[in-house]
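Remarks on the structure that follows.
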Amino acid sequence: MPVVNHEDSEFHLSHTEEDKLNEFQVITNFPPEDLPDVVRLLRNHGWQLEPALSRYFDGEWKGEPDQMGEPTQTSTPMAETLVPPALGPRPLLFTASLPVVRPLPANFRNDFRTIGLNGRSNTVWSMFESFSYDGNPFLFILLLIPRIINRLSATIFTFFCTLLSLHSISGGGNSGKPKISKVPKAPTRETHIPLAEILGDTKDKDAFCELKSFKPDISFNEALRIAKEEFKFMLLILVGDTYDTDTDTVDVNSKLLLEKILLNKKTLQYLRKIDNDLIIYLKCVHELEPWLVARQLGVRNTPEIFLIANVANKASHSETLPSQRLSILGKLKVNSLNRFLQSLTNVVEKYTPELVVNKTEMHELRMSREIKKLQEDAYKKSLEMDRIKAIEKEKSLKHAQDLKLNSTARQLKWLKACIDEIQPFETTGKQATLQFRTSSGKRFVKKFPSMTTLYQIYQSIGCHIYLAVYSSDPAEWSNALQDKIRQLSADDDMLCFKEGQLETATATTIEELGHIINNELTSFDLERGKLEFDFELVSPFPKYTVHPNEHMSVDQVPQLWPNGSLLVEALDEEDEEDEENEEQ
């Protein structure tokens, strides 16, 4: 919403009311001190120019009470008496409909075509390649008349305002006719215009360049992004040709703006004050990008300064609720230093509370998102740790189960071997007589047929050691087998003989015990397989270690045939591992 300032008062007008006021000023040329009375006069006549002009020229219009009941807005107090405004966005009912600023297309440099190419005038915002109208030409002309009148009136008013601005900036010392610089019909510079050419040898340009808010090479879209995401003010400055050596083409107005206003110490002091909440975009309209920006904003003459920010704005009166949009907060006055600073200060102070609230909400939103992300990451990490623990627990349980299964299989294989060992074998033919002595001092003698393999001898001795029975009495073997089965049934580290304990307790013969052992082997899906020996047989004189060879019979070993003596020596775990590695 346009704001008109006059001394200690400010008037919030709609765009239509501002146009009416401008037309009234062009017609009557009233002095600036009559502005409050003129606004009151127009309000009392419903902003109708004809009755207001009639009353104005009658001469009896000053001091008239405000019949529309609209109070005059007082200006923002100075810093000494400034009361902190209430933080928060403006009420919805009073949210203005401000002009919206949009970024340039990302590929505007490629899509832009110089005016006059192929006989057409195109811009990057062209929606159609061509336009044709096949209707009545008279109706088409009628459609264009309102737009032509509006453009002409705006052009005439801008012309007069520019004359007044130039006269005020130059201080009235130049009696020559002021020259008004217009935005060119097409950009005249294809390359980037350096800042040194724009500022030239202007005094205090180094102080201006030291501002954190000013980045000479920043693009328009990047400046808009910063203003939008960080809720900063964007000071958009569009100037003309200030660097040309030809005095006929140089934009004197823009040059005076830079020297007298923008680089003035008071301006620099205020810009430093709001440096953290500001982004400055200073470009020359003879370059492509600022030229397109000027076309978007409807800038016809240079210089122009706009203040842009991401505020609550209604794009149209049909919207019930405003939304955050990059909007033009105001076009700053450039006809004098004091008016420029006053207009800039008023707009900044007006919208600063809203931007502060928006920035705080944005910070809180980012913090909440970061906290939520940290919580989600912690939750995912906790789930991952639980999953790893579950996997480790499952592996541990499986490992323990595998150990139990291996131990059970080892016990069942030895029980099966004991059942086979107690079975009678043929005693015909030659036999080897071997005497055994265990590490505990037990001695016993056994006879083996000549075709008995060394592995079978190991198995036979292993059964005696496993049951701790050193005779061939079937009754002793049966009792030892029953005791062993009962021990395994009561052992929690073993998986066998957990069911059918009554059947196990009543079995007394070797055949019954063999049937029970075979059932356990079948239930665990185990085959006979090789036995694991934790001892070795050694012939002492001469010392010779007998290995459990399945392909060598006892009659092939001179130390054992026909008679021999063997020591049963227990193997340590390290010796067993060495033997396994040698076999591999």
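Here the Cβ of each residue, glycine as well, is placed from N, Cα and C on the backbone.
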81-101, 207-227, 270-290, 291-311 - the range that Swiss-Prot marks as transmembrane segment: 81-101
Among ranges 152-172, 446-466, whichever one Swiss-Prot labels transmembrane segment: 152-172
What does DSSP give as the helix, strand and coil breakdown of the domain 'UBX' (426-570)? 54 helix, 32 strand, 59 coil
